[in-house]
Amino acid sequence: MPHAIRADGLEKRFGETVALADVSLSAEAGTVLGVLGPNGAGKTTTTRILATLTAPTAGHAEVGGFDVTTHAHQVRRLIGLTGQYAGVDEMLTGAENLLLIGRLLGMSRKDAKARAAELLERFRLSDAAERAAKTFSGGMRRRLDLAASLVGRPQILFLDEPTTGLDPRSRGDLWEIVRGLTDDGVTVLLTTQYLEEADQLADDIVVIDRGRVIASGTPDALKSQVGGQVLEVTPVRADDREAAAKIVGELAEAAPEIRDALVSVPVADTGVMPAVVRRLDDAGIAVAELSLRRSSLDEVFFALTGHHTDDAAGDPAAREEVPA
Amino acid sequence: MTTATAARPGLATRVTPVEAFRQTLTLTWRNLVQIKHNPMELVDLSIQPIMFVLLFAYVFGPAMAGSVSAYMPILIPGIIVQNALFASMTTGTGLNADVGKGVFDRFRSLPIARSAPLAGRILADTVKQVWSMAILLGVGLLIGFRIETSWLNLVPAFLLLLAFALLFSWASVFIGLAVDAPEKVQIFGFTVIFPITFLSNAFIPVSDRYPGWIRAIMENNPVSKLGDALRGLLVGHPVGNPAGDQPVGGPALTALLWGVAIAAVFVPLSLRLFRRNT
């Protein structure tokens, strides 16, 4: 299979700031590549380079077989971009936004209108077609933005954090749409802060941190590397933390971590749970709380890099819903 | 949805001039159709100029020139020039909003002429300029302004103003790219354009009642030059001297040279900001 997207050693500096230090990645045609990383890791900069919006300081990238710096115009004919900040014109209606893109792409007025109506229907925006986009909810705006990026039937689509700030239902909607795209053979590069999102949608994942690729592989390979779930124990007595950490570490065959009153460890096999309960009981450790949950991005990071993400943005539990 | 090879339209490596022109017109349409959903902009473009003409005419007119009608040859050309400068700020506010909201990135990711987004904005702003000028002139004519030369002179008068506004709007493009909120472009408008337009002959005849240095500014201000050129074209004689001759060519040329100088400073600065941001 030919590579639809391919980047080698991308580097980007803004004055003294290094946004990208070394990013290489590739996506085969018709697959979804998830680019996973915390805020400021370089996800947006990578997307902007691949979408021809900014030139790399060093390195090389090809999209659809064309060099993004020397053949930007050809690349632009193949791609669609949905940015982190929905690039819809708030002063235009839903229909006008799509009509605008269609006309800019050289469609006749009639074709552009038909295409707009088709996309509005597909993204459940028909009722809002004649309303100014400034009156749209956050989820509607993202759907319109995505629709706008699809007007020209792109072969390669860049989605930069398409669900950040959306409520769970809108997020689910967008996931369905992305799955539908790959059924049509579109190659998608999707950036996200959520491990679950990458897990749900991506065929391959690239994890980036501080402008570097720190891991890559299929979601399964990545999860087995870092543990699919996290076991957390909070002993009643703080003195028991070390002992509890030793027990869970042995059973999970991974390095436990102690943070405040909490002992946590990544577990690949959730069948260890009964053994954990038994061993803690045998050791006479009173447990205030014991839980098993999916790894957050933060834990993936800790497992891969030994440091936590700089903020809690990667942890869905700590994230607040942002009304857009 | 079909994707495969159908969407691979040859290997066109660039946009033809005809396509670029069409894309510019499409983006002009986009900037104008926005007004429909933002009635405040229409208020800005229409009611505000009308209000200013009426306030200046009926409050200042009698005190400055003895009567409203005697003040008209000073006020109407002057306020049209002032309005053109303020209106050129909308280029900057609109550009700033597009960049801030990601709309500009969307345009830049499309296979369209690099110049089309900016050209479309400037063309739309030119249409808005003509609209405001027509309103100001119309209100002026209703309350006593008279074109004493020929109606045909409106054509060179409008063209001169549009040419200056186009050059001046590069200052607005620069501010629009340099600041992080559209409101800040407005603040620039108020703190810079108000003094520039008041230190001129837009609302008063320049006389030796002013200290020498203020008078020097007033006489050399491009706003005064534009005012003189407009008065020459539309009224045909200096204010208060019906027998005198009001030259047009000299002031018009000086005003345009000012415009070229302003553009010569702000075009490179704007392009540098463009590149820095990308």
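Our numbering is plain: 1 for the first residue shown, then up by one each step along the chain.
Note: Cβ is positioned from N, Cα and C throughout, glycine not excepted.
As annotated by TrEMBL, domain 'ABC transmembrane type-2' applies to B:40-277.
Within its own chain, the transmembrane segment (B:50-72) is flanked in space by residues 79, 83, 135-136, 139-140, 143-146, 203-204, which lie at least six positions past its ends and keep a Cβ under 8 Å from the stretch. Residues or ranges marked as transmembrane segment by TrEMBL: B:50-72 (among others).
The feature transmembrane segment is assigned by TrEMBL to B:130-147 (among others). Remote same-chain residues near the transmembrane segment (B:130-147) are listed as 45-46, 49-50, 53-54, 57, 68-69, 72-73, 75-76, 79-80, 83-84, 87, 153-154, 158, 161-162, 234-235 (criterion: CB distance under 8 Å, separation of at least six residues from the stretch ends).
Here TrEMBL flags B:153-178 (among others) as transmembrane segment. Sequence-distant contacts of the transmembrane segment (B:153-178), counting only residues of its own chain at least 6 positions beyond either end whose CB sits under 8 Å from a CB of the stretch, comprise 80-81, 84-85, 87-96, 99, 118, 122, 125-126, 129-130, 133, 137, 147, 184-185, 188, 222, 226, 229-230, 233-234, 252, 255-256, 258-260, 262-263, 265-267, 269-270, 273-274, 277.
Under 8 Å from some Cβ of the transmembrane segment (B:185-204) lie the Cβ atoms of residues 56, 60, 64, 74-75, 77-79, 81-82, 85-86, 89, 92-93, 96, 172, 175-176, 179, 214, 217-219, 221, 223-224, 227-228, all in the same chain and six or more residues away from its ends. If you look up TrEMBL, you'll see B:185-204 (among others) marked as transmembrane segment.
Same-chain neighbours of the transmembrane segment (B:255-274): 160, 163-164, 166-168, 170-171, 173-174, 177-178, 222, 225-226, 229, counting only residues six or more beyond its ends whose CB sits under 8 Å from a CB of the stretch. Residues or ranges marked as transmembrane segment by TrEMBL: B:255-274 (among others).
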